[in-house]
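What Swiss-Prot says about this one:
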- Arg78, Arg103, Asp130, Pro131, Met132, Leu133, Ala134, Thr135, Gly136, Gly137, Ser138, Asp199: 5-phospho-alpha-D-ribose 1-diphosphate binding site (BINDING)
- Ile193, Gly198, Asp199, Ala200: uracil binding site (BINDING)
Amino acid sequence: MAIFEVKHPLIQHKLGLMRKADQSTKQFRELASEVARLLTYEATKDLETESITITGWAGPVTVQQIKGKKITVVPILRAGLGMMNGVLDMIPSAKVSVVGLYRNEETLEPVAYYEKFASGMEERIALIIDPMLATGGSLLTTIEMLKKTGCRRIKGLFLVAVPEGLERIGRAHPDVEIYVASIDERLNEQGYILPGLGDAGDKIFGTK
């Protein structure tokens, strides 16, 4: 599995601001969107383009456009919604697919309660977005759901991740690419990433 830790200075600066314990909901939300925008730039560098001829101000001109069915953005509810606008700022024509998961309190594994995928998934590149990749359970379930639709090009965009989750995904789905702003140290006993961001969903939605 290809893992890209994007160490761009702007990303690292913005992520540092997000780690502040007293960061406001407004600022945290804006920063999540900004980092998502920068991660999208990195994750789409290999998109195929094709030449088309358009009418420019001085006559016909050949330009490049993205080839094929393009992209579907897949936020994992609810925290993934906090990154969606940042991705769509970069790819405004992208279709949005949605996955909703909850945790089974007995098995502690994610269970899908909602899914809505764009048409033609077998021809699309799926960008899964979620602020945190912790145990990898939610991502694993989402990847499996996407592959059942026929989607074969899948990438994940995360603000923070830990080695345990990355290793789990790598074993199960070595074909998936991961783009992450920071690979953090570890999970604590409660399953939170350290140093992490705290509960990113609560911070994005103001329910902390």
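Note that Cβ sites are derived from N, Cα and C of the backbone, with glycine treated the same way.
Owing to the predicted nature of the structure, the values given are computational and were not obtained by experimental measurement.
Cα proximity to Ile193 (uracil binding site) (within 10 Å) is found for the following binding-site residues from Asp130, Met132, Ala134, Gly136, Ser138: Met132, Ala134. Per Cα geometry, Ala200 is the residue among the binding-site residues Gly198, Asp199, Ala200 nearest to Asp130 (5-phospho-alpha-D-ribose 1-diphosphate binding site).
Non-local neighbourhood of Ala134 (5-phospho-alpha-D-ribose 1-diphosphate binding site): Ala161, Val162, Glu164, Gly165, Leu187, Gly191, Tyr192, Ile193, each in the same chain, at least six residues away, with C-beta under 8 Å from its C-beta. Looking at Asp130, Asp199, the binding-site residues in this record, the fewest other C-beta atoms within 10 angstroms of the C-beta turn up around Asp199. When other Cβ atoms within 10 Å of the Cβ of Ile193 (uracil binding site) are tallied across all protein chains shown, the result is 26. DSSP assigns Arg78 (5-phospho-alpha-D-ribose 1-diphosphate binding site) to coil in the three-state reduction, placing it in neither a helix nor a strand. In the shown protein chains, 15 other C-beta atoms lie within 10 A of the C-beta of Arg78 (5-phospho-alpha-D-ribose 1-diphosphate binding site).
Fewest other C-beta atoms within 10 angstroms, among the binding-site residues Gly136, Gly198, are seen around Gly198.
Long-range C-beta contacts of Ala200 (uracil binding site), restricted to its own chain and to partners at least six residues apart, with a cutoff below 8 Å, comprise Ala32, Ala79, Gly82, Pro131, Met132, Leu159.
Secondary structure at Ser138 (5-phospho-alpha-D-ribose 1-diphosphate binding site), as computed by DSSP, is helix. Cα spacing between Ser138 (5-phospho-alpha-D-ribose 1-diphosphate binding site) and Asp199 (uracil binding site): 15 Å, rounded to the nearest whole number. Within 8 A of the CB centroid of the uracil site residues Ile193, Gly198, Asp199, Ala200, the other residues of that chain are Pro131, Met132, Tyr192, Gly196, Leu197, Gly201, Asp202, Lys203.
Separation of the C-alpha atoms of Arg78 (5-phospho-alpha-D-ribose 1-diphosphate binding site) and Gly198 (uracil binding site): 15 Å, rounded to the nearest whole number.
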